[in-house]
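K.L.:
These came from Swiss-Prot, pasted as-is:
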- Lys64: active site, proton acceptor (ACT_SITE)
- Ser14, Ala15, Ser16, Thr60, Asn85, Asp100, Tyr205: shikimate binding site (BINDING)
- Gly121, Ala122, Gly123, Gly124, Ala125, Asn145, Arg146, Thr147, Ala148, Glu149, Arg150, Phe203, Gly227: NADP(+) binding site (BINDING)
Amino acid sequence: MYFAVIGAHVRGKSASPAMHTASFKALGINAVYIAVDVPKEELGCFAQIARLNFRGFNVTIPHKEEVVKFLDALSAEARAIGAVNTVLVERNLMVGYNTDAHAVYKLAGGHMEGAEVLILGAGGAARAALFAAIKAGAKKIYVKNRTAERAEALAREFREKFERPIEAIPWSGAVKADVVINATPIHDAVIADLTGASLYVEFVYTPTPRTKMVEEAERLGVKVVDGVDLLVEQGAQAEKIWLGVEPDRAVMKKAVLEFLGL
């Protein structure tokens with residue numbers, strides 16, 4: 001069986017091959033997992049190759065939204081989110097799922113119930129985080145992105161779709177929230193005020209899971225769900241979708257940390 005992660009500049013940088021290879025070995029499953037750099041204009045071509053040769057694949061930046069148009073079906077959650085990070089190939093049909101949303105909900109959902117949540121970003125990861133916050137019962141959600149128009153469009157779309165209080169704020173704007181989620185690739189700057197927050201959630205794990213925002217959270221005594229935690233949880237859910245197994249998350253996390261040299 002063949003699996004992959006596709007995106008921009010993932011070869012040699014994504015920990016997913018190491019993580020899933022270690023997991024497959026521990027489960028006694030004969031499978032290969034590779035990283036494939038796929039330019040946007042070749043996404044359709046890869047989809048046709050995957051349809052005939054792969055059992056499943058993961059999708060990362062910048063294809064989580066674009067890949068949807070090449071799939072045969074979506075899970076209910078992926079359809080609501082408008083983004084896919086996990087694809088199951090079965091009988092030459094490709095079905096999209098969103099295990100990012102599952103991971104955020106599982107690891108942070110308890111903190112988001114009745115809370116004010118700030119989401120940084122407006123791409124595929126932000127969509128997943130936004131859905132998880134809504135599912136958890138967040139009291140109010142703020143969306144903040146460097147391109148203000150994208151934040152406004154995302155907030156409006158989800159506000160109308162789910163009838164929840166969701167507000168876009170300027171990138172330079174300051175707002176304090178109970179839970180802050182970084183769904184951007186920014187790792188080398190403090191991009192939000194964590195004063196008074198109870199939880200910080202970080203999607204970034206490379207070049208290091210100790211991003212500037214993680215360091216700021218630790219300095220302030222804010223609980224952290226880091227990029228490694230999210231990667232492992234979404235990956236475990238992906239394996240459950242692909243193979244119907246319950247993988248050992250400790251094995252997966254150990255492989256990720258070894259890949260990162262930690």
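The backbone N, Cα and C atoms fix where each Cβ goes, and this holds for glycine too.
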K.L.:
Using Cβ-Cβ distances, find the residues under 8 Å from Tyr205 (shikimate binding site) that belong to the same chain and are at least 6 apart in sequence, listing them in sequence order.
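P.N.:
In sequence order, the residues whose Cβ lies under 8 Å from that of Tyr205 (shikimate binding site) (at least 6 apart) are Ala15, Asp226, Gly227, Val228, Leu230, Leu231, Val256, Leu260.
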K.L.:
Which of Ala15, Ala125, Ala148 has the fewest nearby Cβ atoms, counting only those within 10 Å, among these binding-site residues?
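P.N.:
Per-residue Cβ counts within 10 Å for the binding-site residues Ala15, Ala125, Ala148 bottom out at Ala148.
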K.L.:
Taking the Cβ of Gly227 (NADP(+) binding site) as the centre, how many other Cβ atoms fall within a 10 Å radius?
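P.N.:
I count 24 other Cβ atoms within 10 Å of it.
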K.L.:
Provide the number of Cβ atoms within 10 Å of the Cβ of Lys64 (active site, proton acceptor), excluding the reference atom itself.
P.N.:
26
K.L.:
Of all the binding-site residues given, namely Gly123, Ala125, Arg146, Ala148, Arg150, which is spatially nearest to Asp100 (shikimate binding site) at the Cα level?
P.N.:
Ala125
K.L.:
Let me spell it out: for each of the binding-site residues (Ser14, Ser16, Thr60, Asn85), count the other Cβ atoms within 10 Å of that residue's Cβ, using every protein chain shown. Which one has the most?
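P.N.:
Of the binding-site residues Ser14, Ser16, Thr60, Asn85, the most buried by Cβ count within 10 Å is Asn85.
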